[in-house]
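Everything below concerns the one structure shown next.
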């Protein structure tokens, strides 16, 4: 048993009597599952599917859950899967994994690298890669389901395994809920998930209480003008100049309108306009990502964007219908993720109990987005918790800290997690957390 534990977390050398028997059982089970889980991971990594195209992935996960005795429903909210395992009276706990991959050409050089190419929603031929760790999430998901299905005497209640498509485009959770996830199935008492972290060592986890990830809005500003010949700018109202002024003015929202103690990001990621050197066009499009935690901060950001864009255009003499159009793409919005303090405290204690306090890192809130947040924002207001799963090979992590060399980030074509150690840790962490929630 000790050998199994040391394999999972090489830095820890707890004696057997320092761990409760239930944790030793989990560690032993994970070790026994590992060959199958590694094979599953490699298959998933080599067969990634884009958002809204996760048909084969959903079929595979559904097959695995059915073999474990779950009642399985497929094609929910697209290619989503729900597995339900009833095991007597007790709480209902939902474990969620995401299933989609990214339009990225893998450049890790690994023997198991994805070679997949497919057409995206715009019919562009793109490479496909699990560059955000969703293959690790799914593998940990199945490993956890396996232990809980095979050890039903250890818990009572209802287990819901939810495989969610389209996380990368922010639409999957919304689609599942719209398709009746909390109407046609038991409403969970606890909802939990994990996410790979590209700057934490494999063998460790990170967890934060309260706001953990940001509200993310995709916003376009259509800046209009009156075009003409580049030799006669005085006879035009140049939308490129207006757009440039708007870009600069937007920077003052965070620095001068939002309280310094609040988090706010407004990034102009793209400027699209113009066609030729001597032509002043009629329109420029600014593409923004807008991020915050609190709803009132988000509203202030969006109101300020509209006010500034309209004000600058008006100052140039434009009137309706030539004032800028601000478009917020609600289908691409991810709400801020709020880890329920009470539930998250319990999960953290479970992680410390099985992994050791030195391997449970206090995570810093991030401005990335995750639509997992939606499950905690329904009318039922059920508690959610997401924790980070370290993915970096420990020696590589230490070397990076020593030299300052940047590690490949999530969504990078070079992101290659230490999957054997991350799988062990992910299954151990999730299984322990859920088992303790069942038995609290």
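Backbone N, Cα and C atoms are what each Cβ position is placed from, and that goes for glycine too.
Matching 71, 106, 168 to the Mn(2+) binding residues that TrEMBL gives (132, 134, 195, 411) identifies 168.
According to DSSP, the domain 'Peptidase M20 dimerisation' (216-310) comprises 38 helix, 35 strand, 22 coil.
Annotation for residue 168 (Mn(2+) binding site): same-chain Cβ neighbours under 8 Å, separated by at least 6 residues, are 51, 98, 100, 101, 102, 132.
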